[in-house]
């Protein structure tokens, strides 16, 4: 018995020590550093854990590098920039909580996020309520800059409508009009498939498809169904880890020889992780590192590569870069960090080539706050002569305006605070 | 109160002191929390999870039956409140009533089916029902918003006739509103547990067979306990929807059920205030550690393992054991 008591005391000491160490860890972020200027705070919410983590990690890498560069060049409005990254864990409730935390506790000037469309969408509820400028670097579902658009929300990546419109014609022309969809069952997947179907049916096509959970791991039932349907093209609309799993199983089932592959997004992060046989098909890139006709792109790629493990930057790095640079441009044009004035300044502001890194002139259009970026349609292939990230051949560049159609048709009606 | 609750001794000075400290801390949150680097919304979150876990604890800690599907009633409460605000009327009390009734009645009806199951079978059936609710919310896209959750509603200010409480715009006021509801619910729960009915639950927990031999209708008591517990958890769910202005299918998922169990066990499942302590620990860990490292789930899990290994009665249970010794 006495042994037991001694042991308990030992445990208590150990636990007290553990708690003390833990407490020190917790208390450190709250020390206010009273030197230099008050920083411009930018909150960045992304699903760093969960099935979309590869994409989120690229965005965060891009954001960190961009902020470092900005701080070397005098920050925003002469103030240093502080980036506060929060993990939404691919869970909407957590994302909303983190938005509250960043706005209420950290008093951030701008919120960015999230890769997951549903979370981005939910965070908009908080940012519009609190009147904080919100930039969505990489959540694609249409209503964010469509029927649910807000005066304070801007989006850098394309809408699903833009991506679908850019690639549908090419897929039909090359392979045929009988399509099978594998689609994640949440905001992004639903709007993407609806847009594909709309474009396909206009061209007289037929289709079948399966809606699956966002983090689905086993695709056998769906792929058997697809095999039986004998489509010309299989559209893999899944994202992140789920898309990779689907591709691997597609190859294992020997379906790569039976039908073409294609779809909207097959991002570099995902292409890197699939077997060679699955590195194929016609897809959309929202930005690509190899643009020989734009000299600024090479400068950007050479500058950022060393800090991201000597890989080439992906569209996700670019999205974070453009979003942060846009904040800087807006703040400097408005000469303030006030959300309404920044939002007004950013509307229709043409991005200079060293920010846009694109062949054509692009801007966040005033009608719906959607970035009219160039869309790169082309073929995915196994690593080519330019290294392990030479995975895509650009066949056609579609301008954002052409793919998106007029802003009035998106159903967006911006209501500005009086 | 808690000492009296578990041991049957009359409440003493120590109990009142404990009560005084807890309420003084809760009432002054907006004063001291910002100094510690917190924010008011997180205090609301703590109260919501504490209330959910205290409801659950009535079943686990005071009746001795394990449910692994309490997220179902929590989530139904949240959806009930959200759907009412979105489709019926912008009235916060109505939304809370609707959500509580939805979750509570679902639990009551479902309880009828499972009172005869015990142990692992009871837990399994509760998980199954929780997952049924999750998939309904997930799949019924047009009504519940599917995986993306139910958006497009806002908590409404409360009109008392003579005055208007603006819980919609003022975070601090909303915290006090949550605290008020929490206080009412917790007080009601304490009354129930101190009543002869509550004593009977303890008897069932301690020795079900003996309770049965004494002629107690054990099944009916467990059913009532389950039902009451669901009403409290659903009430917490409605507050969660109001807190976030959002309802989320993951709030119905078995992971959330697991969180409720974790909160209760970490805090101390046989003590009245244990779940509150557990909620403080859980929410703070989740919030702060996830800002520092992407491996935050590891630390939450480690905390749970440490508590279970070293304080099997939970943090609150340990404190009481120590002070009683």
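From the backbone N, Cα and C atoms, a Cβ is placed for every residue, glycine too.
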Between the ranges B:94-115, B:270-291, TrEMBL assigns transmembrane segment to B:94-115
Highest Cβ pair tally under 8 Å against the transmembrane segment (B:295-312), stretches B:15-34, B:94-115, B:249-265, lands on B:249-265
I'm a bit unsure how to read this: which one of B:94-115, B:173-202, B:222-243 has the highest number of Cβ pairs shorter than 8 Å with the transmembrane segment (B:15-34)? B:173-202
Relative to the transmembrane segment (B:120-138), the stretch among B:46-74, B:173-202, B:222-243, B:249-265 with the most Cβ pairs under 8 Å is B:46-74
Segment-segment contact (the transmembrane segment (B:249-265); the transmembrane segment (B:173-202)) at 3 or more Cβ pairs under 8 Å: no
